[in-house]
Amino acid sequence: MLPSNITSTHPAVFLLVGIPGLEHLHAWISIPFCFAYTLALLGNCTLLFIIQADAALHEPMYLFLAMLATIDLVLSSTTLPKMLAIFWFRDQEINFFACLVQMFFLHSFSIMESAVLLAMAFDRYVAICKPLHYTTVLTGSLITKIGMAAVARAVTLMTPLPFLLRRFHYCRGPVIAHCYCEHMAVVRLACGDTSFNNIYGIAVAMFIVVLDLLFVILSYVFILQAVLQLASQEARYKAFGTCVSHIGAILSTYTPVVISSVMHRVARHAAPRVHILLAIFYLLFPPMVNPIIYGVKTKQIREYVLSLFQRKNM
């Protein structure tokens, strides 16, 4: 059956295994994943609704938050529905071109998320270090340009991937030992010289993570200096308190990345399922917890949600 699905260059379909070695537990593993995905959908949709409905939240900080919520929705929805179909219905087939599209969206929106977190760090820097110029610096025009730049950077860096993968002959078969079409998992099936794909993928990841994190850290160095120069402890606490949600979002996004990178080096001989579970955790954790972080720590959002519940109880 499989040979008939193979053309002279690539398979008509790939087969996504799921989590290798844990196939018998897929139904149970799907429960926390489904719960996390549901939370991500509800949380991020709620954030978008509140920001759109409340005119007082049409400020730079919340517009960036709306971008982050949109990206988290796309990121989780790019992989989770297909993953749950594998776990529940053993629907392992994915069209070759659908696989490339999934890969493009997955990696592009991951890059966009990093860019938006950097933009949010810039927002906090201007708000705390240059408060008198906040509204004149972060204009609607600049926010639009930042959003467009985030999209343009991601699309520019990820557009080569599908074309690089189309040129290979996949003589190692169509079975991908993963839950979704991750770039390196697909490259492993290709014959020929894949060194450029390997180098390009690693170089882009390092460029994005190192560059964006460097500027985020630099922003917080200036923020910390400005906060420590404030006269009263109450003012310092209030100023830094406005950054807590953003710091939480940064930690929720980059901590799984760091853990995954460390595990790939110190536990490179670990079973593939360990790395796959970490990769899924990296995809699901930020979209699930970011709305919770901002809902708990942001007064305006928290009060709006509480007001909705109070109306229902009246």
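Here the Cβ of each residue, glycine as well, is placed from N, Cα and C on the backbone.
Pulled from Swiss-Prot:
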CARBOHYD  N5  N-linked glycosylation site
TOPO_DOM  1-27  topological domain 'Extracellular'
TOPO_DOM  49-56  topological domain 'Cytoplasmic'
TOPO_DOM  78-101  topological domain 'Extracellular'
TOPO_DOM  123-141  topological domain 'Cytoplasmic'
TOPO_DOM  163-198  topological domain 'Extracellular'
TOPO_DOM  220-239  topological domain 'Cytoplasmic'
TOPO_DOM  261-275  topological domain 'Extracellular'
TOPO_DOM  297-314  topological domain 'Cytoplasmic'
TRANSMEM  28-48  transmembrane segment
TRANSMEM  57-77  transmembrane segment
TRANSMEM  102-122  transmembrane segment
TRANSMEM  142-162  transmembrane segment
TRANSMEM  199-219  transmembrane segment
TRANSMEM  240-260  transmembrane segment
TRANSMEM  276-296  transmembrane segment
Other than its close neighbours in sequence, what residues sit by the transmembrane segment (276-296), given a CB gap under 8 Å and a spacing of at least six beyond its ends?
19-20, 33, 36-37, 39-40, 42-44, 46-47, 65, 68-69, 72-73, 75-76, 79-80, 83, 106, 113, 177-179, 182, 245, 248-249, 252-253, 256-257, 259-260, 263, 302, 305
Could you give the mean pLDDT over the topological domain 'Cytoplasmic' (123-141), rounded to a whole number?
94
Could you put numbers on the helix, strand and coil content of the topological domain 'Cytoplasmic' (49-56), residue by residue per DSSP?
7 helix, 0 strand, 1 coil
For the transmembrane segment (28-48), sequence-distant contacts whose Cβ falls under 8 Å of one of its Cβ atoms, 6 or more beyond its ends:
19, 22, 65-66, 69-70, 72-73, 76-77, 80, 83-84, 87-88, 280, 284-285, 287-288, 290-292, 294-295, 301, 305
Other than its close neighbours in sequence, what residues sit by the topological domain 'Cytoplasmic' (220-239), given a CB gap under 8 Å and a spacing of at least six beyond its ends?
121, 124-125, 128-129, 247
For the transmembrane segment (199-219), which recorded stretch in the set 102-122, 142-162, 240-260 gives the largest number of Cβ pairs separated by under 8 Å?
102-122
Structural state census, the topological domain 'Cytoplasmic' (123-141) (DSSP three-state):
16 helix, 0 strand, 3 coil
Which sequence-distant residues neighbour the topological domain 'Cytoplasmic' (123-141)? Criterion: at least 6 residues beyond either end, Cβ under 8 Å.
60-61, 64, 219-220, 222-223, 226-227, 239, 242-243, 246
Non-local residues, at least 6 beyond the ends, that sit with Cβ under 8 Å of the topological domain 'Extracellular' (78-101):
10-18, 26-27, 29-30, 33-34, 37, 109, 161-162, 165-166, 176, 179-181, 186, 280, 283-284
What residues elsewhere in the chain lie close to the topological domain 'Cytoplasmic' (49-56), defined as a C-beta under 8 angstroms and at least 6 residues from its ends?
62-63, 65-66, 69, 300-301, 304-305
For the topological domain 'Extracellular' (163-198), what are the same-chain contacts with Cβ under 8 Å, counting residues 6+ beyond its ends?
2, 5-6, 8-11, 13-20, 78-79, 82-83, 86, 94, 99-100, 102-103, 106-107, 272, 276, 279-280
